[in-house]
Amino acid sequence: MDENIKLIEKEGFTPVNKYSVSRINHGSRTENNESNRNDVQNVAINWFGGWHHAQRDAAEGFCYVNDIVIAIQFLLKSFNRVLYIDLDVHHGNGVENAFVFSPRVLVLSLHKYETGFYPSTGSVDDIGLGNGKYHTVNVPLKDGITDAVYIRIFTTIFDKVFAKYKPECIVVQCGADSVAGDPLGGFNLTPLGLGHCLRLILNKNLPTLVLGGGGYNVPNVARCWTYLTSVILDCPLPNDIPDNSYFHLFGPDFELSLSPTLRKNENSEEYVQKIIDTLTTNLDCLPAV
């Protein structure tokens, strides 16, 4: 196990046996969940996790095993209600499909939703099925969303979800492809915006599992997850990136912080308010706990 993990950490490592690597990833998630269940700590982190697209019978979207679903199933042995939050730019379709009929898991996903954008799921009208009706909360967003607008939407919906659902445990996927400059994304967020949302989650003081996810601008992924780790640990970091073997990749400013781009925000005030109103109405129908 230790030798395989060292291989994963090597620069440019691409595993031939991806299923074996997936098992390593799943194993680390199970260990984190065991610790949460035994109250060893309140927060567990695995930035190598967050493979939210994998289906029960198929790999999908760079995801070979859905470690999130496995983790939540494990947590359900000890907790009655689990809140799953997905901050990746792509919809967490694999997790939604796994729990679409279950009232024990509420899935909240904020994601880009446009014609032709993978995985083309996650409509605001998808609210769950059967006993799981109203336990799926999709927040479909357009290109260029900024920190301020994203935080406004997240705060409104998260507060409503938390008050109605009263979760006992939280799992949050922090895909870094939602930050500005990601080649497969389209949002205009910064790590500060995601960090604000993560603080709101952590302030609930519930057992929380924090996972990684997508991210295809490697230096920006490192910036994002480093900053989010500092948020979790409540340990401010200097903005200057220290000298290291990959220092040259963080030019030209060599700083931890990221600035938004000039990309236009396609999320109009009318659109944002409509989404908030629709989701608020849906959440009013969520059975009281």
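One-based numbering along the chain as shown.
Here the Cβ of each residue, glycine as well, is placed from N, Cα and C on the backbone.
Automated prediction, rather than curation, is the source of TrEMBL annotations.
Taken verbatim from TrEMBL:
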type	residues	note
DOMAIN	39-231	domain 'Histone deacetylase'
ACT_SITE	His53	active site, proton acceptor
BINDING	Asp88, His90, Asp177	divalent metal cation binding site
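Of all the binding-site residues in the record (Asp88, His90, Asp177), the one with the smallest CA separation from His53 (active site, proton acceptor) is His90.
Contacts of His90 (divalent metal cation binding site) defined by a Cβ separation under 8 A and a same-chain sequence distance of 6+ are given as His52, His53, Gly61, His111, Lys112, Phe117, Tyr118, Pro119, Gly175, Asp177, Gly214, in order along the sequence.
A simple way to gauge crowding: the CB of Asp177 (divalent metal cation binding site) has 25 other CB atoms within 10 angstroms, across all the protein chains here. Other C-beta atoms found within 10 angstroms of the C-beta of Asp88 (divalent metal cation binding site) number 25, with every protein chain shown included. Under the DSSP three-state reduction, Asp177 (divalent metal cation binding site) is assigned to helix.
Same-chain residues with CB within 8 A of the center of the Asp88, His90, Asp177 CB atoms, the divalent metal cation site residues themselves not counted, are Val89, His111, Lys112, Gly175, Ser178, Leu184, Gly185, Gly213, Gly214, Gly215. Neighbour density for His53 (active site, proton acceptor): within 10 A of its CB lie 27 other CB atoms from the protein chains shown.
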